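Here is the structure we will look at.
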Amino acid sequence: MAENAPLLGSNNGEEVVLAERESEATQRKTTTPSSRVVSLDVFRGLCVFLMILVDYAGSVFPSIAHSPWNGFRLADFVMPFFLFVVGVSLAIVNKIVLDRTGATLKVVIRTLKLFILGIFLQGGYLHGITGLTYGVDIERIRWMGILQRIAVGYIVAALCEIWLPCQGMKRVALFRNYICQWCIMFLLSAIHCGLLYGLYVPDWQFSVSQSTGSTIYEVKCSVRGDLGPSCNSAAMIDRYILGIDHLYAKPAYRNMKECNGSNRGTVSESMPSWCHAAFDPEGIVSSLTAAATSIIGLQYGHILVQFQDHKGRLYNWSILSLSLLAVGLFLDFVGMPLNKSLYTISYMLSTSAAAGITLCLLYLLVDIYGWRHLMFVLEWMGKHSLSIFILITSNIAVILIQGFYWRDPQNNIVRWIVTRFVHK
């Protein structure tokens with residue numbers, strides 16, 4: 001194919017290659033069922049909607065909030081869905097890359113922008129709706145977060161798509177066409193598994209600042225391959241590299257029975273010492289399999305690009321989704337738990353399968369049955385997903401809503417919700 005033809009030394013050779021690529025691109029556009037796959041925008045909008053729902057309704061309905069440790073709930077699908085749709089979109093955007101170096105430079109710049117924006121929004125610079133101030137202590141800033149994880153998944157998947165393109169563009173043997181990308185995914189999973197099960201975790205201690213002074217806690221570990229919240233190697237790596245003061249201060253495992261209540265600010269000496277420790281669910285080790293999710297999304301994007309008929313797309317998406325789900329559930333059955341905080345391989349495969357099934361349903365409803373008008377809100381949210389994320393995460397949208405009150409500034413809907421449910 002022209003996409004894999006060597007660039008000849010003469011100008012005539014380059015013109016022939018460019019002409020073939022332009023002809024191929026034009027032919028694809030004319031044979032595609034629709035010029036834009038609207039279901040991708042709807043999918044992205046669904047991710048944003050779920051993020052808003054679980055963030056603001058999770059305290060009222062704990063059943064949709066993040067699972068304290070093993071297992072998953074509705075909130076635990078949001079991040080994998082974001083990473084998945086990033087991969088699908090990259091396969092469409094980079095289906096023909098003429099300048100790999102230039103495309104790589106754009107990817108690096110965009111990644112840095114996302115990462116820096118994530119630090120600004122979730123690093124602690126903005127203090128929230130209850131304290132409308134700003135500024136962060138550099139010694140305690142959080143380096144990782146949602147946008148940072150998306151940035152990692154984006155750059156890994158983008159570089160795979162730019163530098164490891166398919167060979168042959170045949171409709172059959174999609175796995176063989178993108179074998180290098182699958183190898184990268186397997187490598188990331190193997191490194192993640194090796195670090196999680198192979199590293200020895202010694203006893204460790206940390207201090208927590210309180211109004212009466214600092215309290216030092218000690219956690220007994222001396223174990224290898226533990227996947228619990230106290231002695232897993234992922235947290236150990238984050239403590240060594242990022243520093244415990246730069247991790248997420250209110251991890252979901254504080255809602256476990258052993259730590260019940262500590263997430264609301266109450267401190268009890270009867271709780272295990274690790275309940276007081278910080279833990280980042282968007283840490284370094286878990287970012288490996290998170291990036292692998294975006295590579296899986298790439299494969300769904302390849303199917304979207306290479307198969308021009310609805311039946312072929314849905315058939316291959318369904319086969320891939322069911323295969324991923326079967327392997328993910330099997331790994332959970334044999335002892336690798338579904339865990340979002342550690343982003344285990346079983347969790348990666350199962351949530352990627354769920355994302356693939358969701359894509360199939362949205363594609364069927366929106367792009368085949370034409371229910372676009374019923375999904376216009378989600379489509380709009382998908383087209384403006386980053387702007388909405390910034391408005392929500394920075395609390396600007398909440399502050400604007402809070403500005404409307406009844407007679408007294410204290411009588412506003414935001415304060416009523418916070419008082420009634422959050423601080424209940």
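Cβ atoms here come from the backbone N, Cα and C positions, even for glycine.
Unlike curated entries, TrEMBL annotations are predicted automatically.
As written in TrEMBL, here are the features:
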DOMAIN    36-160  domain 'Heparan-alpha-glucosaminide N-acetyltransferase catalytic'
TRANSMEM  37-57  transmembrane segment
TRANSMEM  77-93  transmembrane segment
TRANSMEM  114-134  transmembrane segment
TRANSMEM  146-166  transmembrane segment
TRANSMEM  178-200  transmembrane segment
TRANSMEM  314-335  transmembrane segment
TRANSMEM  347-366  transmembrane segment
TRANSMEM  386-406  transmembrane segment
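The stretches the transmembrane segment (77-93) and the transmembrane segment (314-335) do not meet in space: the count of Cβ pairs below 8 angstroms, excluding pairs fewer than 6 apart in sequence, stays at fewer than three. Tallying C-beta pairs under 8 angstroms between the transmembrane segment (386-406) and each of 146-166, 178-200, 314-335, 347-366 places 146-166 first. According to DSSP, the secondary structure content of the domain 'Heparan-alpha-glucosaminide N-acetyltransferase catalytic' (36-160) in residues is 84 helix, 4 strand, 37 coil. When Cβ-Cβ distances under 8 Å to the transmembrane segment (178-200) are tallied for each of 146-166, 314-335, 347-366, the top count falls to 146-166. Counting Cβ pairs closer than 8 Å and at least 6 residues apart in sequence, the transmembrane segment (314-335) and the transmembrane segment (146-166) reach fewer than three and form no contact.
Under 8 Å from some Cβ of the transmembrane segment (146-166) lie the Cβ atoms of residues 3-4, 79, 82-83, 86-87, 90-91, 94, 97, 100, 103-104, 107-108, 110-112, 114-115, 117-119, 121-122, 177-178, 180-181, 184, 188, 282, 287, 290-291, 293-295, 297-298, 302, 389, 393, all in the same chain and six or more residues away from its ends.
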